[in-house]
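Below is one structure; the comments refer to it alone.
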Number of protein chains: 2
Amino acid sequence: MTSRHPLSALRILPYLAKWTLLAALVAAASGSASALFLWALELATATRISHPWLIWLLPVAGWLVSWVYLKVGTQVEAGNNLLIDEIHDPRKVVPLRMAPLVLGATVISHLFGASVGREGTAVQMGGSLADQLTHLFRLRHEERRIVLMAGISAGFASVFGTPLAGAIFALEVLAIGRLRYDAIFPCMLAAILADQVCMAWGIQHSHYAAGALPAISAWSLLAVLLAGLAFGLTAWLFASSTHALTALLKRYLPYAPLRALAGGVVLALAVYMLGQRYIGLGIPVMMEAFQQPLPWWDSAGKLAFTVASLGSGYKGGEVTPLFFIGATLGNALAPLLQLPFGMLAALGFVAVFAGAANTPLACTIMAIELFGPQLGPYAALACVMAYLCSGHSGIYRAQTVAVHKHRMGPPEA
Amino acid sequence: MTSRHPLSALRILPYLAKWTLLAALVAAASGSASALFLWALELATATRISHPWLIWLLPVAGWLVSWVYLKVGTQVEAGNNLLIDEIHDPRKVVPLRMAPLVLGATVISHLFGASVGREGTAVQMGGSLADQLTHLFRLRHEERRIVLMAGISAGFASVFGTPLAGAIFALEVLAIGRLRYDAIFPCMLAAILADQVCMAWGIQHSHYAAGALPAISAWSLLAVLLAGLAFGLTAWLFASSTHALTALLKRYLPYAPLRALAGGVVLALAVYMLGQRYIGLGIPVMMEAFQQPLPWWDSAGKLAFTVASLGSGYKGGEVTPLFFIGATLGNALAPLLQLPFGMLAALGFVAVFAGAANTPLACTIMAIELFGPQLGPYAALACVMAYLCSGHSGIYRAQTVAVHKHRMGPPEA
């Protein structure tokens with residue numbers, strides 16, 4: 001395995017040259033796609049806000065998108081899970097059409113007022129664009145895995161402006177309890193470059209401020225562990241409800257466009273009664289969650305709207321709604337735990353997502369990238385607690401369980 | 001594996017309660033030991049600097065320490081490697097005497113002027129103190145692994161003041177290419193608490209400033225990749241030379257005290273000719289490396305002194321000398337790569353260590369904890385490059401190879 005030849009370490013140079021080129025291509029494609037997507041998303045959100053009646057067209061839009069997927073998208077319908085499956089067991093190149101389909105479908109979700117996110121879209125665009133290099137460079141199975149992971153990394157990094165979190169996310173999301181390093185170089189490089197490409201297109205990311213933090217004390221640590229428990233249970237509730245509603249609707253409404261229609265009607269009526277607070281990305285409410293007390297039911301409201309949207313088949317992603325749910329839940333917990341709103345909102349922002357996606361390290365690093373290193377120890381505890389308390393079935397059902405979260409096995413199980 | 005019971009996620013509570021208690025005990029012991037050690041180290045360093053003739057006693061001191069280890073320390077001589085071996089294959093509780101022996105031996109190394117570090121000492125104190133909980137709490141084999149990892153985490157975190165890096169280091173150092181999450185909660189909590197305990201004893205850590213960074217550009221990224229290559233080859237050279245010199249001396253001088261005596265004579269003569277620049281921790285030179293141009297041979301000098309010290313059996317650790325070697329090498333590369341001294345010194349500081357210990361994530365996080373998140377993307381690239389270019393035999397020979405660095409295998413090899 002090892003070699004004592006003085007320059008044996010240099011045997012890696014061809015590997016580095018090849019993957020630098022591939023990562024740069026992945027980053028260029030994926031970063032540009034994210035930029036286009038974020039620009040379209042902003043336009044769609046602004047249009048929805050200035051034309052509130054658009055919500056009444058949501059059922060029709062949902063029907064249409066579902067119908068299009070049924071006609072030309074059944075192969076790519078599984079989305080993130082398809083990518084994870086292909087990385088675990090490489091079979092067939094992901095069709096390029098995944099990118100325009102998910103891009104169009106997500107922009108429509110946001111234009112007409114579903115409650116969905118954007119990471120799923122960015123990751124799917126990144127993955128499917130990256131996989132097109134498979135034919136071009138005649139990549140082998142094992143290389144396809146790496147290029148797909150680089151695509152996920154680039155998509156995530158560029159859509160949120162968090163390069164290190166994107167790279168770690170791609171390495172971490174495949175299996176619960178284990179992180180493998182075989183794609184670490186392509187993922188890191190693709191993430192950093194894709195983030196730069198996206199910003200070079202003029203995209204600016206939202207900034208949230210966690211504000212001043214209390215000094216670490218026995219109470220502040222215990223409070224963060226308790227908050228992490230709440231974040232983890234919320235993540236569990238979110239993932240289980242989404243899976244349960246999806247399964248239920250599939251049983252009673254086997255025709256997909258009908259599910260989107262029904263979900264759209266329910267969402268439109270809910271918006272009619274409760275207002276626009278819980279649809280779209282919800283960035284203004286998230287901003288408020290860092291600053292001032294909000295109604296305690298905000299996280300429950302967003303959870304219900306998002307589960308309804310995803311369960312009835314609207315495209316987008318889970319992550320930005322999870323940020324919203326976490327930030328508002330943190331906001332509600334802050335007075336109970338006697339800690340600042342900004343701190344708890346920031347912890348909830350990353351930790352509910354950490355629990356739902358089973359990615360505690362990516363989310364800890366995201367906390368540092370978004371809110372600064374002072375939050376690091378608190379974020380690590382909150383994310384690890386949420387990860388431990390969210391059960392073994394997260395939002396990605398293709399994710400495997402490599403190491404049980406708390407039942408201990410032999411060293412090398 | 002999964003359960004739909006609403007509160008099945010709460011089955012984790014007993015696990016959390018138990019490991020919160022154990023992590024707190026580990027942290028209290030290990031953080032206090034690190035504080036005592038850092039205080040003694042400062043005293044020893046100050047005494048050595050004000051009494052330069054102490055270097056002439058180094059051979060005798062080395063002889064004595066080796067003789068004591070031969071009499072009462074053969075079981076704990078393997079140091080960090082013993083801990084890693086026990087985690088891979090738990091057999092026998094690490095004797096408590098490891099802690100006072102390595103503490104005393106390291107302080108003597110520094111008092112008389114060997115070139116060694118301090119992470120080995122902190123990690124060994126943390127590990128052996130933590131393992132004493134095994135009898136007290138009747139821990140099973142799998143739990144012993146976790147408590148040992150928590151001890152490593154606490155020792156590393158408290159001696160450098162970098163809690164997250166400490167936790168990730170303990171998870172990452174066991175095997176090349178894989179990180180498992182089964183100890184993530186105890187390691188995180190022990191690291192954060194041990195850091196607090198150590199600071200509560202009044203310890204202050206050195207601060208280094210990376211200074212202003214250039215905006216990310218094609219050149220700055222390429223330059224950092226090239227620097228990472230140099231850092232990785234240096235890490236490889238360091239690890240191979242240390243192993244080679246150790247093996248060579250063992251062959252020709254099988255009696256350990258004689259090796260220390262011979263090494264001590266060589267080091268004392270070298271200090272007589274070249275001065276004190278390359279002995280001890282070398283923190284003042286490291287500070288300079290962030291600010292101003294230094295002689296290009298500084299990293300080679302420190303490498304030679306440290307290999308001679310470790311190879312002839314002086315106790316301490318590799319990491320602070322690796323920081324020195326990296327920071328001064330970065331300093332020397334800065335004008336060639338047209339990048340600021342502070343930036344390259346900071347990158348070298350973490351990346352040579354990343355390559356030598358095969359811990360790129362811990363070192364990236366350490367860079368963020370020490371130098372701020374702006375350095376994050378650069379540090380990630382430099383650390384990953386150094387990791388890839390340092391070969392498969394790092395400074396810890398008990399480390400196993402879980403995933404080859406660049407030869408790709410099947411997905412779940």
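The backbone N, Cα and C atoms fix where each Cβ goes, and this holds for glycine too.
Annotated features, as they stand in TrEMBL:
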TRANSMEM  B:21-41  transmembrane segment
TRANSMEM  B:53-70  transmembrane segment
TRANSMEM  B:146-171  transmembrane segment
TRANSMEM  B:183-203  transmembrane segment
TRANSMEM  B:215-238  transmembrane segment
TRANSMEM  B:258-275  transmembrane segment
TRANSMEM  B:320-337  transmembrane segment
TRANSMEM  B:344-372  transmembrane segment
TRANSMEM  B:378-398  transmembrane segment
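Among residues of the same chain six or more beyond the transmembrane segment (B:146-171), those with a C-beta under 8 A of the stretch's C-beta atoms are 19, 22-23, 26-27, 30-31, 33-35, 37-38, 83, 86-87, 94, 118-119, 121-131, 133-134, 139, 179-184, 186-195, 197-199, 205, 319, 357, 359, 361-363, 365-366, 369-370.
Counting Cβ pairs under 8 Å that are 6 or more residues apart, the transmembrane segment (B:258-275) and the transmembrane segment (B:378-398) reach fewer than 3 and are not in contact. Sequence-distant neighbours of the transmembrane segment (B:53-70) (same chain, 6+ residues past either end, Cβ-Cβ under 8 Å): 47, 77, 101, 104-105, 108-109, 111-114, 256-265, 267-268, 271-272, 276, 279, 312-315.
Within its own chain, the transmembrane segment (B:344-372) is flanked in space by residues 160-166, 168-169, 172-173, 176, 179, 208-210, 224, 227-228, 231-232, 234-236, 238-239, 286, 289-290, 318-319, 322-323, 325-331, 333-334, 337, 378-380, 382-387, 389-390, 394-396, 399, which lie at least six positions past its ends and keep a Cβ under 8 Å from the stretch.
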